[in-house]
Amino acid sequence: MIEARGLARTFRSRGGPVEAVRGVDLDVAPGELVGFLGPNGAGKTTTLRLLTTLLRPTTGRATVGGCDLLTDPVGVRRQIGYVAQGGGTAYECRVREEIEIQGRFYGLSKADTVRRGAALASRLDIAGLEHRLVRTLSGGQRRRLDIALGLIHAPALVFLDEPTTGLDPQSRANLWEHIRALRAEHGLTVFLTTHYLDEADALCDRVLVIDNGTIVATGTPDELKSRISGDSVSVEVAPGTVPDAAGIAGRLPGAHEVTTGENTIRFRVPRGDTALPELLRALHTHGIDLRSVQVHRPSLNDVFLTLTGRTLRDAEVPGAA
Amino acid sequence: MPREIWLVFRRHMAVSLRNPAWVIVGLTQPILYLVLFGPLMERIVSSTPGFPQGDAWQILTPGLLVQLSLFGSLFAGFSLLADLTTGVLERLRVTPARRLSLLLGRVLHDTVQLLVQAVILILLAVVIFGLRAPLAGIALCLTMVALIGITLSAASYALALTLRSEETFPAVLTSISTPVLLLTGILVPITTNLAPHWLYTLSRLNPFAHVMEAQRATFRGEYTVDALLTGSVVLVAITALTIWWATTTFHRENA
Ligand SMILES: Nc1ncnc2c1ncn2[C@@H]1O[C@H](COP(=O)(O)OP(=O)(O)OP(=O)(O)O)[C@@H](O)[C@H]1O
Ligand SMILES: [Mg+2]
């Protein structure tokens, strides 16, 4: 659905050139739900604007829905929906007017636009607002209108730039469900950016981590988590047996970052669940008395920190960690 | 494409119709001139040699129509700057709609709005001040007003999109519009008899001065080649030129 090679974009600005995206390779299969994760200024929005024909790449090429970005931008536009990070509804227009022009620009008939608009509005919980001015909508209602506009023409591929920012937990869950349903029923391909780690975790088949304009990791949420830092294991043993136990833990395959406390040992292994039986057996063989064991799967936040040396804005990471 | 232009036109018209105050706001200036300056003009015209033919109202009303167009259409770009900040323009630019439609729909809206105001202004001049002008002449003049409106609003959009700043845009506009307005001679015509030679020469460089002359001729009912040709040719040329400029600006990426 998307195939990008060496996509790069440099902005000229007063303070000198800004290399917002530096050579991104992407492959997204039809029906895939891909998440784009990265800290502020990583280049997520710029990549989306490149892929939606709003910006021309400085170098590199890409095809979206089989159409080349440079030679057939209209072909690309016909197939995609785009919901920008900052939205894009006119305050002085009525909701109904926004829906209508959007649908009709995509070639839908007036009746089809009204029908689809009503279905989306009720699905996204903004039914009954058709006659209101956009100016009078709440932030979350406006966000859901943005999303409805991006989906009005039933595109095969939709780009969502931080779609759930500003939505309450219920609306977020509701939107996730809607996205999953669209994918299941119509094979919709979704490419979304997010700061919410739980969102990437819950929604995405595959996560691309971008930092500083380059993709630094890609995989399923679980793959990323197991590949990067591994699970953290903490073992509590009887005092005096700590050095022995630490030795045993350090000899487990892939164990690293072994640290000890008064009667605890902490370390990381690629897979905590498979390392545990072996650890227990070894401790038992050496006659070490085990008091408790805890295994923590790393969160995407850990992944993030390890990969980029930065964490995501705390305010935007509810329920993570 | 006509369908897209129509959709854009209707969208903007709906907003305008919800706030009909624009008709009044745009008309305040010219009406003030008509009421507070017109009577003065009547005396001056009859007592000063060197004015073109026609009475004061035939000279002043076309001038005020140009003023109306300048202030109405030249500031159209502000609405585009707003759409740029709110992301509306980007949203519409991702649809398959032609970018030219986004421009022309707006221009059409601005022009219709201007024509409504122009008709009201002419009616006021006729009813209250006894302006005498042939219907055909008025129709011809309104056509020119429409073309001026198209030119100025297209130029305004191109400029707004080029500057992309709510500070520099009005600054540039005022610094251009005041000399243009003065060199058009909207109140007192710039003729060889009334103006010093250098000022007259300078005004010849301003396309709107030629258009102005043609508009005054239409109000006098003079439809000769001599009176209309230069102004019409100049007008059509600048309209074509600004449409081309605005089109290339709208087609540029990042616009
Ligand atoms: N039009 C522009 N001119 C100059 N620099 C720009 C422009 N647009 C983006 N940038 C810069 O490019 C970099 C990437 O920006 P981008 O908006 O793609 O980040 P992002 O990953 O979407 O961040 P966020 O999570 O904050 O939305 C930033 O350093 C930004 O300042
Ligand atoms: Mg962004």
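Cβ from N, Cα, C; glycine included.
Per TrEMBL, domain 'ABC transmembrane type-2' is recorded for B:21-253.
A Cβ distance under 8 Å defines the sequence-distant neighbours of the transmembrane segment (B:21-40), meaning residues of its chain 6+ beyond its ends; these are 56-57, 60-61, 64-65, 67-68, 71-72, 113, 116-117, 120-121, 124-125, 128-129, 187. The transmembrane segment annotation in TrEMBL covers B:21-40 (among others).
Remote same-chain partners of the transmembrane segment (B:60-82), defined as residues 6 or more beyond its termini with a Cβ less than 8 Å from a stretch Cβ, comprise 12, 26-27, 29-30, 33-34, 37-38, 41, 88-89, 106-107, 110-111, 113-114, 117-118, 121-122, 125, 131, 133, 141, 145, 148-149, 151-153, 155-157, 159-161, 164-166, 169-170, 173, 177, 180-181, 184-187, 189, 208, 211-212, 215-216, 218-219. Feature annotation from TrEMBL assigns transmembrane segment to B:60-82 (among others).
Positions annotated as transmembrane segment by TrEMBL: B:103-129 (among others).
Annotated transmembrane segment per TrEMBL: B:135-159 (among others), in sequence order. If one looks beyond the transmembrane segment (B:135-159) by at least 6 residues along the same chain, the residues whose Cβ comes under 8 Å of a Cβ in the stretch are 62, 65-66, 68-70, 72-77, 80, 103, 106-107, 110-111, 114-115, 118-119, 122, 169, 172-173, 208, 211, 214-215, 218-221, 223, 228, 231-232, 235-236, 238-239, 242-243, 245-246, 249-250.
The transmembrane segment annotation in TrEMBL covers B:171-190 (among others).
Residues annotated as transmembrane segment in TrEMBL: B:227-246 (among others).
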